[in-house]
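**Q** Got a structure here, written out as structure tokens. Questions coming.
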Amino acid sequence: MKDVREEYHAEGLSEGHLHDNPVEQARRWVDEAIEAGFPLPNAMTLATVSADGQPSTRVVLLKGIEGGGFTFFTHYDSRKGEEIAANAKVSFTMFWQPFDRQMIVIGEASKVDEEESESYFASRPYASQISAAISPQSQPTSREWLEAEVEALQQQHPEAPVPRPANWGGYRITPTEIQFWHGRPSRLHDRFRYRKQADGSWVRERLAP
Ligand SMILES: Cc1cc2nc3c(=O)[nH]c(=O)nc-3n(C[C@H](O)[C@H](O)[C@H](O)COP(=O)(O)O)c2cc1C
């Protein structure tokens, strides 16, 4: 690993090209990654922190940027869900390697309303609805138990819609800080950090790489 070295050729990120609102800048970067056809352009590594201060991370999928925040869907009883219930402060990172771009968001997570979770759950493929509905996410289990539960629920609901379990839904992360990192040659990378002020405006500054 020590010998793996990537040279970044990108032209970089100039302040003049940045949107004044970092949420809109984030939308641009996600849209550009989607348009470029990258695999999993909406994958984000989400960090939560336990009540006793232990961070943990996992990949989830960004499903929307609206209401000034970033939405993903999961099980509320999962490890991440329990950690968010105890401490709403979270952070996530998205990395688009072909663009040499990294985006880091810091903020607070809150549950989206029931209708939003309901309508997203209903839009998922039948098999995904079944898997989400039977899974006690983050609990120890066995493959046999999972497959038996899938079969039982398929018999109960042979086709969509499968009822959404009450413990499955969305979170929206409202940002307090967003950083945009762009790789440049010789490690002299561009970094811009936006921090939300008490009056709701954003202050932007360049950070040393
Ligand atoms: C590419 C990818 C996408 C994923 N998307 C989601 C997702 O949108 N929601 C989710 O709950 N888990 C998703 N997972 C699974 C999570 O990484 C994780 O295993 C699960 O949410 C349980 O995490 P926890 O025990 O830390 O709460 C995804 C995993 C990968 C690798």
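Even glycines carry a Cβ here, placed using N, Cα and C.
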**Q** Among LYS2, LYS63, which is the one TrEMBL gives for the substrate site where TYR120, ARG124, SER128, ARG187, LEU188, HIS189 also bind?
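**A** Checking LYS2, LYS63 against TrEMBL: the substrate site match is LYS63.
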**Q** CA-CA, which of the binding-site residues PHE73, ARG79, GLN102, SER138, ARG191 lies nearest LYS63 (substrate binding site)?
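**A** When the Cα distances are compared, PHE73 comes out closest.
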**Q** Closest of the binding-site residues to ARG191 (FMN binding site), Cα to Cα, picking from TYR120, ARG124, SER128?
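**A** Considering only the listed binding-site residues, the nearest one is TYR120.
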**Q** Quick one: Cα separation, PHE73 (FMN binding site) versus HIS189 (substrate binding site), in Å?
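**A** A Cα-Cα distance of 33 Å.
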**Q** With ARG79 (FMN binding site) as the reference Cα, tell me which of the binding-site residues ARG124, ARG187, LEU188 is the closest one.
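**A** For ARG79 (FMN binding site), the closest Cα among ARG124, ARG187, LEU188 is found at ARG124.
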**Q** Please compute the mean pLDDT of the model over the domain 'Pyridoxamine 5'-phosphate oxidase N-terminal' (31-156).
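**A** Residues in the domain 'Pyridoxamine 5'-phosphate oxidase N-terminal' (31-156) carry a mean pLDDT of 97 in this prediction.
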